[in-house]
């Protein structure tokens, strides 16, 4: 015997043969397993976490959005004078972090059980354990307290997600120096909380602890926060957060972080512009400088692969590795933004590529919608003004303040900020009037962005949007008005405001 036959001859514990094996059960892995099973394929899924749902559910989007909302309510309730102007009388608010974490843990378990029930209902076999390649079609699964066994699969979907990037000189101990994952499970509120990294994850966690009373400082090595954001939006976001009490140290690198005998963290910082170093003090430092594909433990080197193959050598039409077309990486292990919606769309594409029917194609993920869930929320989709200028695409823009919107003025009281007013900006192609980008600041940006994303991904024109009746009064009317302004190249089209 030789090759694969030789390997198989040493496999004493051979468990099962599947059409599809999915490694990882976050949003992408779950979607792939469901799609495959519903297409009539014998499917199994393996995940090493105690609860299904991946980092997205356990220590990512779900915990962060939950704590953002709860901390925002607390911040709002503290502003008694602002609320009493609307007629509501309140007792002083108090926030119990331990109770919040207990409720969050219960919520995560319940959502994990939803994943489990749906997979069971669709006859997907679930293994709780680790997975490692033995050869291109065989994977060893190790479950706690059990002898490892081998699973064979015709197709293998790799959806193992991502892990935080470590920083040289700043060792994460998850005590004083923590990851973003650990930050979302803290059961206390640090007095001085410093965050290394001004991306979306860092900013959202900054908002949580700032709302709860921590003195928050963000250290960012670049000259601006959120590098993929429209410049106007990024500048407005920074100003809004500064007005809420968050401090920013831009063009600044963390060189070293050490705790003294009293437990205080002493962080050596280097300003890239002045070239000067100085020491910053805090109680907790969170490292949030990005994430990288999580492939450790899969033993991909045993089949001649490395991390670059998952990023560079993938047929994006079928989500297939060029070397092994039956191995299909999806989600955070692939090139592009690390978003759940990207993972889900890639999962659908991967399963459809093996000849399965299902939903009619996948969405256009070239410009995925993005939301920063601070208060107010920041949302954007499509081209930025800088991107259009770089691509030499002629464009027109329309910008509308939400303060001019009837519905906006009937909603919850909000902190007044004389520097930045919530707005929506629409960018359209001057040649064919296609909607190229939409950028907004609003408490409900996550919901409003859906219609903007539809317009951008479907290639709708400004004329298409203007033909659609919008409910009144509604926040969405501001989107239509911004489109009309863009058509008129920023001059008022005399929009009639209904009473």
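Glycine too: its Cβ is placed from the backbone N, Cα and C atoms.
Positions annotated as FAD binding site by Swiss-Prot: 47, 48, 49, 50, 51, 52, 53, 54, 55, 56.
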Exercise. Any same-chain residues 6+ apart from residue 55 (FAD binding site) with CB under 8 Å of its CB? Would you list them in sequence order, or say none?
Key: 26, 161, 162, 181
Self-check item: Residues close to FAD site centre defined by 47, 48, 49, 50, 51, 52, 53, 54, 55, 56, Cβ within 8 Å
Solution: 25, 26, 57, 58, 112
Exercise. Quick one: of 47, 49, which of the binding-site residues has the smallest count of other CB atoms within 10 A?
Key: 49
Quiz item: Counting every protein chain present, what is the number of Cβ atoms, excluding its own, within 10 Å of the Cβ of residue 51 (FAD binding site)?
Solution: 19
Quiz item: When a 10 Å sphere is centred on the Cβ of residue 53 (FAD binding site), how many other Cβ atoms does it contain?
Solution: 25
